[in-house]
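To keep things clear, I will list the structure first and then write my remarks on it.
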Amino acid sequence: MKKKVGIISLGCPKNLVDSEIMLGLLKKNDFEITSDSEEANVIIVNTCGFIESAKEESINTILEMANYKNKNCEMLIVAGCLAQRYKDEIIKEMPEVDAVVGVSGYDEIAKVIEEFYSKKNDKNDKEKAVFHKDTLSVEYLNNERLLSTNSGYAYLKISEGCDNRCTYCAIPYIRGPYRSRKMEDIISEAEFLAGKGVKEVILVAQDVTVYGKDLYGQKKLVELVREVSGIEGIEWIRLLYTYPEEIDEELIKEIANNEKVVKYLDIPIQHASDKILKLMGRRSTSEGIRNILDRLRAEVPDIVLRTSLIVGFPGEDEKDFKILYDFVRKYEFDRLGVFTYSREEGTPAYDLKPQIKKSVKESRRNDIMQLQKEIVQRKNESRLEKVYKTLVEGVSEDGIFYYGRTYAEAPDIDGSVYFTSAEPLKFGEFVNVKVLNIDDYDLIGEVINESSK
């Protein structure tokens, strides 16, 4: 009898791509895929593990899935970043877990399951399967994926790892150095996605702006974008994530002039105080960040800018926080996320002093998020009565509205557009929506036949 396998994918879009690759490999090896954990014989939790809250979510999910061992679940696998970072602890402290698969072991997932079942009746073999290949290959990304995003968009991972050495971040230790995929492999995957009806391709990496530097000796993102934009069927190309110090004039011009590149950038800035940026090991300066933001706004009309910030980094005093707060107030980001600093063992910032009290970190986060809420309110009001090309993604739970996204919203992290239509709509298609109302971070509108922005 075919074994039913379910995957719970936690964390970032890059992790989702890895989950989709595992799904594709499992399907290829004749496993049955299920989204219902209750009926799964094998449950895989693809974990995130780079900050405390992500680790907690991963551990809680593993324990929750372990409860299904009282039902149909015969095998529980922990994969991904937490598995890579804490394999010994998982093996020792979580007896419910049957196998641990690190970030370089995704392409072995079918083998992991098959070996478990072949040894299941061997009373003498109690050892857990641990798959941690010491490889820097990105070839696993060339395996055919089983898409979990079924409404017109898909992520396309163009590299793995990171060469930045931010003092707070564990990702280079978990995922290894930056490794670009071959351009022809990425183009081939983009063509595959277009053939599946994908209209929006989201190029994703820890830092897309340095794509190609390690492989070709120079940055190749603009060339890659041009190649992808030539693929029939792809209408939107979105870039996640772009480091400010690597955004150059060539890239700005491409974003401004290429109609398929959505005018949206997610630029992780983290702070605006030069003192804190230096302590963080960031390559940017406050002046450099401001210059690139000014250039983007001047050269790319209607560009939507998202950023992420860290408050409560060791040594951040009231003066540093005021610099950050005033920076957010001045630059009025369209989208913004704020993390409180997470003290991660094995990172240089772990031993920095003084560490900031949790209550102070939370207070600073709340202050910036309140400011951002006011900024978003004003920006959303400016979108009233305008018409936007919108990707239809689904129907609301009450069945009254369709929902989707304009160029100004990335999946999962930004708001949505809720809208009515006189005619039935297909998911994964584009319509023109006139914005009539706002609801906090979301927009409300109706489908019309006018041309869109």
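Keep in mind that glycine also has a Cβ here, set from the backbone N, Cα and C atoms.
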Problem - Listed co-binder of [4Fe-4S] cluster 1 (same site as Cys12, Cys48, source Swiss-Prot) among Cys81, Cys162 - result: Cys81
Problem - Rounded to the nearest Å - Cα separation of Cys169 ([4Fe-4S] cluster 2 binding site) and Cys12 ([4Fe-4S] cluster 1 binding site) - result: 15
Completion exercise
Among the binding-site residues Cys12, Cys81, the one whose Cβ has the most other Cβ atoms within 10 Å is Cys81
Practice task
For the recorded [4Fe-4S] cluster 1 site, whose residues are Cys12, Cys48, Cys81, find every other residue on that chain with a C-beta no more than 8 angstroms from the centre of their C-beta atoms, and list them by sequence position.
Solution key: Leu10, Gly11, Lys14, Asn15, Thr47, Gly49, Phe50, Ala54, Gly80
Handout entry: Same-chain residues at least 6 apart in sequence whose Cβ lies under 8 Å from Cys162 ([4Fe-4S] cluster 2 binding site)
Key = Cys169, Ile171, Pro172, Arg175, Pro177, Tyr178, Gln206, Asp207
Completion exercise
Residues near Cys48 ([4Fe-4S] cluster 1 binding site) by Cβ (under 8 Å) yet at least 6 apart in sequence within the same chain, in sequence order, are Leu10, Gly11, Cys12, Asn15, Ala54, Lys55, Glu57, Ser58, Gly80, Cys81, Leu82
Problem - Residues close to [4Fe-4S] cluster 2 site centre defined by Cys162, Cys166, Cys169, Cβ within 8 Å - result: Asn164, Arg165, Tyr168, Ala170, Ile171, Pro172, Gln206, Gly281
Practice task
Sort out for me which one of Cys166, Cys169 has the most neighbouring CB atoms within 10 A, since those are the binding-site residues we care about.
Solution key: Cys169
